[in-house]
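Asks: Reproduced below are the annotations present in Swiss-Prot:
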BINDING   GLY94, 97-98, THR102, 104-107, 122-130, SER134  5-phospho-alpha-D-ribose 1-diphosphate binding site
BINDING   GLY94, ASN125  anthranilate 1 binding site
BINDING   SER106, GLU240  Mg(2+) 1 binding site
BINDING   ARG180  anthranilate 2 binding site
BINDING   ASP239, GLU240  Mg(2+) 2 binding site
Amino acid sequence: MIRQAIAKVVELRDLSEGEMIEVMNQIMSGECTPAQIGSFITALRMKGETIAEISGAARVMRERATPIRVGRNVLDIDRDDINLDQETILDVVGTGGDGTNTFNISTTVSFIVSACGVKVAKHGNRSVSSACGSADVLEKLGVNLDVTPEQVERCINEIGIGFLFAPALHGAMKHAIGPRREIGIRTIFNILGPLTNPANADCQVMGVYREELVAKMAGVLHHLGCKRGFVVHGRDGMDEITLTGETAAAEVSPEGVRLFTITPEEFGFSRCSMQALKGGDAVANAAIVRAVLGGEPGPRREIVLLNAGFALLAAGRCATVAAGIDLAAQAIDSGAALMQIEKLATLTN
């Protein structure tokens, strides 16, 4: 099948979702040669991946991932402003590859959101776009990445947050590692990570490295049945909601996709320079995460609050972004968010 798929894609013809599923199953079963894999993902990149193609690939990766089973039968009753719903699982994740070298914003947000009563399955890896990926900073915060799926499940169920280390849970990806490394360009695999959470997170805030991906990835999330989510791209290049200017965004719901723009001012924040959000290596970024969760004021706190507000809205923990920002601030100022780091470190060691 992959030879026929390559022949079709080099003629700039799209694959159906079913065809993509067939090809991805071949790749992840080890049935394709490195040359075939490299040719296929390069041709797909040159043509441009469609929603159907990305969705098909994501379905296969989800099916082949080691599952993380999280209890969803608990009702969150600490809400009086929205309807009660079955407990949701949230992921706050970026594609990486934005090249901005900011501190670990989505990881910091994950601790805050979990302190607000939302179960967070943080899916991540080592560095892509900076000197420090989510896995790198978590190690320096004392979190053990070498844990079993059962330990990850226990973390999420008991303290509300667990880290899903992608290489440990996507074993079938090993067949694509060599071709990806050797061709050295961004391919469909660079955008599949945020779509393939092994805990089947049904709510999500996803950052992407190019604005053209906002609507496309939102379309994929909608197609894959995301309960509620936001796809964002800071127009300064960040794969987060930025404080330096505007953010292109899409809201995903069962009804469809809504495109809109976010500005810091609409939520009471001042714009800042990119320099104010810069990070460093894993040791430096771990210190920044602790400082922000310890109550340090300034742009780092504000960008984390803004992103957390949208994450809490996606998870149904609040009715508005403004209410989510208030909840996030309370989680920091009470010490609850910082305590989540210690709980996760203790439970994984």
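Here the Cβ of each residue, glycine as well, is placed from N, Cα and C on the backbone.
How buried are the listed features, and what sits near them?
Replies: Counting every protein chain shown, 25 other Cβ atoms lie within 10 Å of the Cβ of THR102 (5-phospho-alpha-D-ribose 1-diphosphate binding site).
Taking all protein chains in view, 27 other C-beta atoms sit within 10 angstroms of the C-beta of GLY94 (5-phospho-alpha-D-ribose 1-diphosphate binding site).
Taking a C-beta cut-off of under 8 angstroms and a sequence separation of 6 or more, SER106 (5-phospho-alpha-D-ribose 1-diphosphate binding site) has the following same-chain neighbours: VAL92, VAL93, GLY94, LYS122, SER134, VAL205, GLY207, GLU240, ASN307.
Other Cβ atoms within 10 Å of the Cβ of ARG180 (anthranilate 2 binding site) number 19 in total over all chains.
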Asks: From the Cα of HIS123 (5-phospho-alpha-D-ribose 1-diphosphate binding site) across to the Cα of ARG180 (anthranilate 2 binding site), what is the distance in angstrom?
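Replies: Taking the Cα atoms only, ARG180 (anthranilate 2 binding site) lies 20 Å from HIS123 (5-phospho-alpha-D-ribose 1-diphosphate binding site).
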Asks: Roughly how many Å lie between the Cα atoms of ASP239 (Mg(2+) 2 binding site) and THR102 (5-phospho-alpha-D-ribose 1-diphosphate binding site), rounded to a whole value?
Replies: 10
Asks: Relative to the Cβ position of ARG126 (5-phospho-alpha-D-ribose 1-diphosphate binding site), how many further Cβ atoms are located within 10 Å?
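Replies: Here the count is 16.
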